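Positions annotated as transmembrane segment by TrEMBL: 26-48, 60-82, 102-120, 140-162, 196-218, 239-260, 272-291. Annotation source TrEMBL lists domain 'G-protein coupled receptors family 1 profile' at 41-289.
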């Protein structure tokens, strides 16, 4: 009721891919296939880890959480995209739009901090191997995951409340879901404070965990280079390579989307970036971890 009273619009129109309507059938088949594959791949990873006692370690506990986050993250927006491709433009209520933005931010930010927690796990495993089991206890692991969810909740609430509490001068969203940047285009008057708010929150949600990851890997690489044998170096690096690849994919696309001012916003480019980090990355995560991880491949064979 509060959100409805602050603006004359009770619903929005998602324009989606209206400029390429002739490709809608093809895009529908491709995205539906990717969605099904992503659900299957992440479900298989989570099932394998939970069913194999040898994988009940902090690293694989975090990987299970990552798979669950990817499933939820993707499920927030894919149904809307598929609906858009089926019927063209989609009308979405303000409440549903606000909920979609909140949960998209919640799962996305939680994944940012979860990736940072995974880097800490690798840091302690390689730099402090004798104290690893004491430092990364099950209680600490659960606390790190809980902290990631708390940060996701905070960022989602702040962004959603500020965006939907501002007066809006339009209802047509040039995107395929309720994304922050296209909604900023609908704000009336001076949008500079809202842009600053987006960048400040993005710095906290994206840049701060990323800097923690960078620091962890500087220490990890330094430790690896001081190892006596090449075999030890190769083994240590192999435990980090999958995580590094996932971090590069996720932070590269998400950072280019949110850590920039509004004047550089381009609808077609941002739709492509959104598809990259919200559709493609959740599919690649289980593939990267399963193909580059001997323990996961061994459990999969069993």
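Placed from the backbone N, Cα and C atoms, the Cβ positions cover glycine too.
Predicted automatically and left uncurated, TrEMBL annotations should be read as such.
Residues 108-109, 112-113, 115-116, 119-120, 122-123, 151, 155, 158-159, 162, 180-181, 184, 240, 244, 247, 251, 254-255, 258-259, 261 of the same chain lie 6+ residues outside the transmembrane segment (196-218) yet bring a C-beta within less than 8 angstroms of a C-beta in it. Long-range contacts of the transmembrane segment (272-291) within the same chain, counting only residues at least 6 positions beyond its ends with a Cβ under 8 Å from a Cβ of the stretch, are 31, 34-35, 37-38, 41-42, 44-45, 63, 66-67, 70-71, 73-74, 77-78, 104, 108, 175-177, 179, 242, 245-246, 249-250, 253-254, 256-257, 297, 300. Sequence-distant contacts of the transmembrane segment (60-82), counting only residues of its own chain at least 6 positions beyond either end whose CB sits under 8 Å from a CB of the stretch, comprise 14, 16, 28, 31-32, 35, 38-39, 42-43, 45-46, 49-50, 90, 92, 100, 103-104, 107-108, 110-111, 114-115, 117-118, 121, 138, 141, 144-145, 176-177, 246, 278-279, 281-282, 285-286, 289, 295.
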